[in-house]
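Chemist: Pulled the feature table from TrEMBL, pasting it below:
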- Ser216: active site, charge relay system (ACT_SITE)
- Asp342: active site, charge relay system (ACT_SITE)
- His371: active site, charge relay system (ACT_SITE)
- 136-377: domain 'AB hydrolase-1' (DOMAIN)
- 20-45: transmembrane segment (TRANSMEM)
Amino acid sequence: AMDWQVLTRELSLYLESQVRVGLFGSGVGLSLVLGFGVAYACYYLNSIAKKPQLVASNDRFCRFLEEHCPVVTETYYPTIWCWEGRVQTLLRPFITSRPQVQYRNELIKTADGGQISLDWFDNNDSLYYPDASTRPTVLLLPGLTGTSKESYILHMIHQSETLGYRCVVFNNRGIAGEDLLTPRTYCAANTEDLEAVIHHVHSLHPSAPFMAAGVSMGGMLLLNYLGKTGRDTPLMAAAIFSAGWNVFESVESLEKPLNWLLFNYYLTTCLQSSISRHRQMLEKLFDMDLVMKARTVREFDKQFTSVMFGYRSIDDYYEDASPCRKLKSVGIPVLCLNSVDDVFSPGHAIPVETAKQNANVALVLTSCGGHIGFLEGIWPRKCTYMDRVFKQFVQAMFEHGNKIFSM
């Protein structure tokens, strides 16, 4: 009996000590977790979630944006578990949803005998603009190897659909499944194809208000076009997202070891695969074996792009392709969204001083967001900050654009 009592007492003491250790242990664990959570929340609210910097010399344009496009003055709260630029850039294509869009394809001929593939979203069910002849139209320009199937393009169309607008996507030559009829593709500096597309769309709907939005290289191409044409364009305004402002700075940033590993090599293989389908046509002018050996975007541009468009050197091409040089000549209202942690367009290369000298230009600079990232919300599948800027700015211009000039 005594043995039993001793055993029971020993057991109860052991359990008591375990419970105490357990409670103490979980208490410390809980304290650590809570402490870390509070510290992280403080860091996030103080250093990560910030209002974007709005750079605009024109007070009227500023007031117009504050009133009709308030998203550019509100705090941007990047997704709390992936706010870093590279992470946002890598995750966005996998996380964001892909809204269903039914396109109508149109192939148009170019002066040099080539063809361009346009994907139309007519929005014939538009409640706000039932008359197709005056339905506002947004021309969308995807990035370097992007087409009308990119999730960021589908989201812009989804936003435009709810507002009643029509969209048309300009797919660069040879990239959306159509054949190359001549040995020529596209580049950021040559605006001839874009001019042909803008003229074509405007001639089909001359009474419809007309805007354009370009993403990444599409934004660079659009800026280079606007710098060249000034006020002489049927476009009433433009929105630019994650453009690379200075190509020299962009390729240098992308050649840093980690960035090369994460982005540059993959992008180079995308460029190569986009032209390999047209190898027979392109072999007439290029040493395709050499082009296929490129391991960086710079090498690809040196062997292929700069040669195709007749530049004496790659530096001449990069000089011509950099929109920072054309910004002073832009003649219509343009809103440009960039994140300063974008490795494709480093913050120090954003032409803030030049933008301040042109009353038509507004820059919106976020501290986080990466390249075409701008994820927000706990699980950022639906709408990004970029999508909201697009929606509000396009709506502001189409519905209140005349106020910019009368304010």
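Every residue, even glycine, has its Cβ placed from backbone N, Cα and C.
Context for these features, please: burial, neighbours, distances.
Modeler: The number of other Cβ atoms within 10 Å of the Cβ belonging to Asp342 (active site, charge relay system), over all protein chains shown, comes to 28.
Residue environment of His371 (active site, charge relay system) contains 26 other Cβ atoms, counted within 10 Å of its Cβ in all protein chains.
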Chemist: Within 10 angstroms of the C-beta of Ser216 (active site, charge relay system), what count of other C-beta atoms is obtained when all protein chains are considered?
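Modeler: That number is 26.
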Chemist: Cα-Cα separation of Ser216 (active site, charge relay system) and Asp342 (active site, charge relay system), in Å?
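Modeler: Between the Cα atoms of Ser216 (active site, charge relay system) and Asp342 (active site, charge relay system), the distance comes to 11 Å.
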